[in-house]
Amino acid sequence: MNPRAILLNAYVYAVLIFILAPIVVILPMAFSEPDYLTFPPEGFTFGWFGEFFGNSRWMKATGFSLKIALLTAVTTSVVGTMATYALMRGAGRLGTLFQGMLIAPIVVPHIALAVALYLFFKQTGLSSTVFGYVLAHSVIAMPFVVFTVAAALSSVDPTLEDAAMSCGASRFDAFRLVTLPLVLPNVLSGGLFAFILSFDEPVISFFLAGIRDKTLPRMMFDDIEQNLTPIIPAIAVLLTGISVFVLLAAALLRHAAASRTASSPDG
Amino acid sequence: MTGSRGAEISIRGLEKSFGLLKAVDNVSIDIPSGEFLALLGPSGSGKSTVLMMLAGFEVPTGGAVLIDGTDCTRLPPQKRNIGMVFQHYSLFPHMTVADNVAFPLKMRGMGRAERRRRAGEALEVVRLGGYGDRMPSQLSGGQRQRVALARAIVYEPRLLLMDEPLSALDKNLREEMQLEIKRLHSELGITVVFVTHDQGEALTMADRIAILRGGRIQQMSPARELYERPANLFAAGFIGEMNMIPAAWDGSAMMLCQSDRVTPPPGAFVTTPANGRATLAIRPERVQVGAAEAPGSVGATLAEVVYAGAGTLVIARLDDGTELRARVPSAGLPRLSPGERIGLTLPPDALLVYAEESAA
């Protein structure tokens, strides 16, 4: 291996360590016995997980978060796929503007978006409603769905739909039976991203939360302010686990899609 | 699959503008049932746009398309019952070969068993029986195009459209597929409209060829007539090789540069020139090479001799620099060297006269 390759490897590992170190530090703290945060952890217990699953307030917040994340995933998958299709296959002049608006939430600081949504939702009565949460989370998750679906759609030949229509399919059937199956793995993986983004989204939830319904991240903030027990790292462990699982699932989906259109006898 | 007769197409004054650009300009074609028509032209000539309007993917800005007497100008593609083969096959990559071929039947609400049987039959027709369970990605380019063909004919359409279907294939495969498509055409009696930029392909396959340029039809004739009597200089230059010699017409003879007089027979006049500049055209294989000063020949200087086995290409220049090519049998050709003076004989029955001046 030449010196440049070694340097590059070292650099890559340094970046990885920098990114992963905080997660690696927090994980063992979830199994620490004292009811305050310590590092290195003292003793070993699963008790904080039990505490989390046994507490109705935590469970209610988790349920609420799951509900919003699920609805956000469904909304962004459907709307995002439709929008991406329109952007890439449509001929409208407003395409660029529309694309900019869809992707803007990536560059706009979430805090700015949160304040704006807070003021707007207060006027319209959407604050702390499920619909409001889903709307807000969909806005920030939409770019990720658009990007993943666009990646798949760009590799699907538009004349396939023409071919389907020349075979007698309506425009919608051509999309449903030909284009959609080809981009579906990416639609699902975009949806999974949206799920994760919504599930542990803290900033907007902080502004939108009411007294009764709080999302899990919002509850965690409250807990950090008031108690700061190892229940927080325990939840962090669970969230990390879910994220890793979802990312793996997304990767597998795209891998399956790639091999389906590439080779193998029975697809 | 016999008994399905071809559709009768009438294209009337078809126009298509994209902004200021007129891609198709007043194109009228009547295609009798069962004809194989080739639309031939360089890229941007509007040939594909005409096809897309026939298929229903483009809406004309003027004119009409009649299929079997019914006005289909604004009918969407899925309602036209037309078979179509695309340039890049356009097979559905996530479906098996059999499902691809059965797709049009499924769209027509046919039951599963019947679909399966008919798809199998169509695959037999294109000689791909037994390939039904494969995925398109496991087939070669030629096989994929044959699947596309099977998919286009499986519901026995009366009209088959092909958009440069062979251009993605290599030469040997292309020739094989040309014959295959010809065979299918005569077997099924289906009307075929075939778009190509390959003149050889058009000459080989089509009953009739329409040459397009700039959205307009330049000429529409059977292959032989197209080659032997092009309607204008564009058609003359586009199909095969053609010598075009600038000449002056004085009312009785064509004067070439060095005051050689050529008197074409009356039949040579494709368009009748007024006195003045005109063009004398002749195919290279009709030009005869002889000794300089041979009676009735045109004097020229030999520029190059390209031996190619059975035939030899002789490139000569007239005194004003006009290049003239002759393709002559190699056997019996005297030894020639560049720079030598030779005589070129232009047989009267091979001459064509155009009123226009050639650009060259």
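Note that Cβ sites are derived from N, Cα and C of the backbone, with glycine treated the same way.
TrEMBL: automatically predicted annotations, no manual curation.
As recorded in TrEMBL:
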type     : residues  : note
DOMAIN   : A:62-250  : domain 'ABC transmembrane type-1'
TRANSMEM : A:12-31   : transmembrane segment
TRANSMEM : A:68-88   : transmembrane segment
TRANSMEM : A:100-121 : transmembrane segment
TRANSMEM : A:133-153 : transmembrane segment
TRANSMEM : A:174-197 : transmembrane segment
TRANSMEM : A:231-253 : transmembrane segment
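Packing against the transmembrane segment (A:68-88) from elsewhere in the chain are residues 95, 98-99, 102, 130, 133-134, 137-138, 141-142, 144-146, 149-150, 153-154, 175, 179-180, 183, 187-188, 190-192, 194-199, 215: each is 6 or more residues past its ends and has a CB under 8 Å from a CB in it. With a cut-off of 8 Å between Cβ atoms, the residues of this chain six or more beyond the transmembrane segment (A:12-31) that come close are 37-41, 44-46, 48-49, 230, 233-234, 236-237, 240. Counting residues 6+ beyond its ends, the transmembrane segment (A:231-253) has Cβ neighbours under 8 Å at 23, 26-27, 29-30, 32, 37, 48-49, 51-52, 58, 185-186, 188-189, 192-193, 195-196, 199-200, 216, 220, 223-224 in the same chain. Within the same chain, residues 68-69, 71-73, 75-77, 79-81, 83-85, 87-89, 102-103, 105-106, 110, 113-114, 117, 121, 126, 179, 182-183, 185-187, 189-191, 193-194, 197-198, 201, 204-205, 208, 215, 257 sit at least 6 positions outside the transmembrane segment (A:133-153) and bring their C-beta atoms closer than 8 Å to a C-beta of that stretch.
Within its own chain, the transmembrane segment (A:174-197) has Cβ neighbours under 8 Å at 69-70, 72-74, 76-77, 80-81, 85, 137-138, 140-142, 144-149, 151-153, 156, 160-165, 242-243, 246-247, 249-251, 253-254, 256-257, 261, counting only residues six or more beyond its boundaries.
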